[in-house]
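Shown next, in structure tokens, is the structure this report addresses.
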């Protein structure tokens with residue numbers, strides 16, 4: 001089948017190769033001329049690795065005519081603008097698969113909520129997310145990876161499962177808990193930032209394990225707030241993606257946290273990076289959410305104080321350690 005990928009960065013270009021491996025015809029849309037040229041020359045947009053039988057264009061109208069299945073692989077902060085253009089130019093109903101992991105800071109919206117707000121019902125056929133522990137650096141090398149396709153319409157999740165699954169290296173599970181999948185996938189980026197800070201400060205594996213455990217508690221609180229399922233927290237988009245993002249040197253969020261821990265500011269890191277670090281934006285959204293609704297998310301609060309208020313690490317850490325005694329979980 002024909003599939004259009006909206007966004008030709010590391011993950012978008014990698015998924016294009018996955019779909020081509022599965023004998024689908026893929027067109028990648030992006031505005032980055034360098035990405036387009038590399039893909040059309042048979043190279044990955046980011047990695048120095050070949051791509052086979054994939055075309056790319058900067059013409060959104062052509063991209064929308066090419067397929068009625070759109071894979072959304074753009075940063076969350078750009079999602080609203082891209083969807084507005086899609087709504088304006090689409091002539092037929094579309095099905096969407098979101099692979100972007102983040103929360104919109106200005107609204108606290110998950111991507112599914114942005115889609116439902118922007119795309120008219122007459123143009124919105126189906127929606128799913130595709131999440132889980134999946135560094136593009138490994139998937140493009142066809143290393144075994146497991147993901148979860150989540151949709152409120154389980155039959156559509158099953159359809160996406162069949163489209164993306166590859167018998168050699170990619171297995172897709174399904175879930176009807178779309179909300180939980182989206183929340184977990186956004187929060188794990190924030191927890192990876194925090195773990196990077198801990199590593200840079202010389203904390204050991206005991207401390208990192210404690211962060212993961214308490215991070216899972218905060219993840220469950222957020223999923224509950226959004227009316228998702230706790231089981232999702234323990235699944236691929238929750239615990240699975242948290243492990244890979246919080247500990248891997250491939251992780252942009254973990255690496256950014258290390259830089260924060262070494263003394264760099266948020267502004268310095270962003271000025272030096274040419275790739276999206278979703279954890280920074282999601283942190284703002286979750287911090288504002290916990291402030292507005294009085295949620296008990298001490299790790300979120302601490303990370304925000306460190307990164308955006310530039311409070312000394314020692315003071316923030318001491319406040320965490322001096323919190324009242326309580327039972328676990």
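For all residues, glycine too, the Cβ spot is worked out from N, Cα and C.
Remember, it's a predicted structure, so these values are computed and weren't measured experimentally.
With a 10 A radius on its CB, residue 188 (active site, proton acceptor) counts 31 other CB atoms from all the protein chains. Sequence annotations record features per position, and here Swiss-Prot assigns active site, proton acceptor to 188.
Around residue 276 (NADPH binding site), taking its Cβ as the centre, 21 other Cβ atoms fall within 10 Å, counting all chains. As annotated by Swiss-Prot, NADPH binding site applies to 11, 101, 136, 252, 276, 278.
Residues or ranges marked as sn-glycerol 3-phosphate binding site in Swiss-Prot (evidence: sequence analysis): 101, 132, 134, 188, 241, 251, 252, 253. Following the DSSP three-state reduction, the secondary structure of residue 251 (sn-glycerol 3-phosphate binding site) is coil. The Cβ of residue 251 (sn-glycerol 3-phosphate binding site) has 135, 192, 196, 244, 245 as same-chain neighbours under 8 Å, each 6 or more residues away in sequence.
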Query raised in the report: Cβ-Cβ under 8 Å from residue 136 (NADPH binding site), same chain, 6 or more residues apart: which ones?
Result: 10, 11, 13, 14, 46, 47
Query raised in the report: With every protein chain in view, how many other Cβ atoms are within 10 Å of the Cβ of residue 253 (sn-glycerol 3-phosphate binding site)?
Result: 26
Query raised in the report: What subset of the binding-site residues 132, 134, 241, 253 lies within 10 angstroms of residue 278 (NADPH binding site), using C-alpha positions?
Result: 253
Report summary line: Ordered by sequence, the long-range same-chain Cβ contacts of residue 101 (NADPH binding site) under 8 Å (at least 6 apart) are 76, 131, 185, 186, 188, 189, 241, 278
